Amino acid sequence: MSQADFDKAAEEVKRLKTQPTDEEMLFIYSHFKQATVGDVNTDRPGLLDLKGKAKWDSWNKLKGTSKENAMKTYVEKVEELKKKYGI
């Protein structure tokens, strides 16, 4: 999996004809963060930030996943979403 493939997928996911489900978006978000940042490096958001907590929790579940593996999984998911929603 190349950086160019990952960058292309990151642009394509923004152009899907239909907005993916919240669950799909969390998957995309968490794998993007793991691929670009690595393990969670911030504190968990506060009690009232439900969206922020969901995103943080999803990313934190990938702790220990290599950036390369997260990148590969991200690109595969974007390809799946392109087939499902169109671009």
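Glycine is no exception: its Cβ is also placed from the backbone N, Cα and C atoms.
Sequence annotations record features per position, and here Swiss-Prot assigns acyl-CoA binding site to LYS14, TYR29, SER30, HIS31, PHE32, LYS33, LYS51, LYS55, TYR74 based on similarity to another entry. What Swiss-Prot records for 2-87 is domain 'ACB', and it gives sequence analysis as the kind of evidence. Per Swiss-Prot, the feature N-acetylserine maps to SER2; the stated evidence is experimental evidence. The annotation N6-acetyllysine is assigned in Swiss-Prot to LYS8, LYS51, LYS55, LYS77. Look at Swiss-Prot and you will find LYS8, LYS17, LYS55, LYS77 tagged as N6-succinyllysine. If you look up Swiss-Prot, you'll see TYR29 marked as phosphotyrosine, on the strength of similarity to another entry. Look at Swiss-Prot and you will find LYS55 tagged as N6-malonyllysine. For LYS55, the entry in Swiss-Prot reads N6-(2-hydroxyisobutyryl)lysine, with the evidence type similarity to another entry.
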| query | Considering all pairs of residues in LYS14, TYR29, SER30, HIS31, PHE32, LYS33, LYS51, LYS55, TYR74, annotated in the record as contacting acyl-CoA, what is the maximal C-alpha distance expressed in whole angstrom? | reply | 20
| said: Restricting to the domain 'ACB' (2-87), what is the model's mean pLDDT? | reply: 97
| message | I'd like the per-state residue tally for the domain 'ACB' (2-87) from DSSP, helix first, then strand, then coil. | response | 58 helix, 0 strand, 28 coil
| Whole-number Å value for how far LYS14 (acyl-CoA binding site) lies from LYS8 (N6-acetyllysine) (Cα to Cα) | 10
| Top Cα neighbour of LYS77 (N6-succinyllysine) in the set of recorded positions SER2, LYS17, TYR29, LYS51, LYS55 | TYR29
| Number of Cβ atoms other than its own within 10 Å, given for LYS14 (acyl-CoA binding site) | 7
| said: If you count other CB atoms within 10 A of each CB, which of TYR29, PHE32, TYR74 wins among these recorded positions? | reply: TYR74
| request: Name, in the order they occur in the sequence, the residues of the same chain whose CB lies under 8 A from the CB of LYS17 (N6-succinyllysine) and which sit 6 or more residues away. | output: TYR85, GLY86, ILE87
| query | Since the record lists SER2, SER30 as recorded positions, which of them has the fewest other Cβ atoms within 10 Å of its Cβ? | reply | SER2
| field | Among LYS51, LYS55, LYS77, the one of these recorded positions whose Cβ has the fewest neighbouring Cβ atoms within 10 Å | value | LYS51
| remark: If you count the other CB atoms within 10 A of the CB of LYS8 (N6-acetyllysine), including all protein chains displayed, you should get 13
| the residue listed as 'phosphotyrosine' versus TYR74 (acyl-CoA binding site) - Cα distance in angstrom | 9
